[in-house]
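K.L.:
Quick one: the structure is below, questions incoming.
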Amino acid sequence: MTFNCSCKYNLDDGKKVTPRRDVPNYPKYTLSQETIEALKKPTFDVWHWEHNEMLSCLEFMYHDLGLVKELNMNPITLKRWLLAIQENYRNNPFHNFRHCFCVSQMMYGMIHLCNLKEKLTLTDLVILMTTAVCHDLDHPGYNNTYQINARTELAVRYNDISPLENHHCAVAFQIISLPECNIFANVNPDTFKNIRQAIITLILATDMARHGEILECFKQKVKNFDFSNEEHVICLKKVLVKCCDISNEVRPTEVAEPWVDCLLEEYFMQSDREKSEGLPVAPFMDRDKVTKPTAQIGFIKFVLIPMFETVMELFPQIEEIMVQPLRDSRDHYEELKLLEDAMTEVKPMSLINQHLLTEIQHIMETLVRQ
């Protein structure tokens, strides 16, 4: 039996994104100096911004990094492209436009923090920023495991090989293929071909099934990293995109923790659907088995910290502002887990105590009657 994936963007039906052909009418916000400085830091609070404001922030980043000038982008086309991007993120609990903005803002922050403008080309920075913006386009809210097990249209189309990531790439370049949204219209064909291939490579690298392979590749190069070696730089760009994609726990607790709730909500929606369809359910997605601490501890300890500490070997300046918050977050969730375990032990004890009290009361009543 084949289950259909309710993908909003079906590449087989001949439909394309139809962006507004007039000048996008989202208000032009003048960012305060305070906001401009905050945008460069992982501490930026992503929850206080409407979609229009996030669009303006993204537009500012492209101008501020010199990407608009470098690629001779039409500023109105940039606006239309960003609007089309926003319209093609779904209202999932987690994989939505705000997540896209988070990842893009973290990438912008890392470019500043790691001084990447001095180490990479502006074309590399365009590739990194555009990958961040496009990396989860039209995400349906159900992961690759679901797509493959349910034999959805996406899994069939992409032969079970990173179906979601392949779809994000396809939607990204369907949007860019529209003249009104082609931010690369003024680059020569060879440059565009290279940019396109690089973005595809980086979006495909966000498939967590490839995490070990990509991190190992970077570990082998980091000790003798050479910014003039193309292979080294490609490997670095993959790791930077991966870092930004899963960077929520780098942020302050009050910014990071709501994302855990969003992710668990999306997980529970998937596991409920898997149960109803008789498909395998991952324990970390099962609402009957997972809690916030159990969801986060292993991920922070065995995925996030090792990856960010490896990047820290190349960019020691990220320790205080990115790696230390991860260690603090790990400690926070381990403390919560201890409290959780203690509460689990207290409940049976209270039941035992209640039982003992009942027994004592029964014995006393018997003695009084005698």
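Using N, Cα and C of the backbone, Cβ positions are placed for all residues, glycine too.
Automatic, uncurated: that is what TrEMBL annotation is.
In case it helps, TrEMBL gives these features for our protein:
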- 19-340: domain 'PDEase' (DOMAIN)
- H95, N96, F97, R98, H99, D136, D245, Q296: AMP binding site (BINDING)
- H95: active site, proton donor (ACT_SITE)
- H99, H135, D136, D245: Zn(2+) 1 binding site (BINDING)
- D136: Zn(2+) 2 binding site (BINDING)
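Each of the listed features needs to be described in terms of its position in the shown structure.
P.N.:
All protein chains included, D136 (AMP binding site) registers 25 other Cβ atoms within 10 Å of its own Cβ.
The Cβ of D245 (AMP binding site) lies under 8 Å from the Cβ of V103, A132, H135, T206, each on the same chain and at least six residues away in sequence.
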K.L.:
Can you check which residues sit near F97 (AMP binding site), meaning Cβ under 8 Å from its Cβ, same chain, 6 or more apart in sequence, and list them in order?
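P.N.:
Once residues fewer than 6 apart are set aside, F97 (AMP binding site) is near H51, M54, I85, Q86, Y89.
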K.L.:
Could you please provide the mean pLDDT value for the domain 'PDEase' (19-340)?
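P.N.:
For the domain 'PDEase' (19-340), the model's average pLDDT rounds to 96.
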K.L.:
When you measure from the Cβ of N96 (AMP binding site), how many other Cβ atoms are you left with inside 10 Å?
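P.N.:
Within a 10 Å radius of the Cβ of N96 (AMP binding site) lie 19 other Cβ atoms.
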K.L.:
If you count other C-beta atoms within 10 angstroms, which of the binding-site residues R98, H99, H135 is the most crowded?
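P.N.:
Result for the most crowded candidate: H135.
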K.L.:
Over all shown protein chains, what is the count of other CB atoms within 10 A of the CB belonging to Q296 (AMP binding site)?
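P.N.:
There are 26 such Cβ atoms around Q296 (AMP binding site).
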K.L.:
Write out, in the order they occur in the sequence, the residues of the chain not among H99, H135, D136, D245 that have a C-beta within 8 Å of the mean position of the C-beta atoms of the recorded Zn(2+) 1 site.
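P.N.:
Near the Zn(2+) 1 site, the remaining chain residues are H95, C100, V103, A132, H139, T206.
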K.L.:
Using a 10 Å cut-off, grab the number of neighbouring Cβ atoms around the Cβ of H95 (AMP binding site), all chains included.
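P.N.:
That number is 25.
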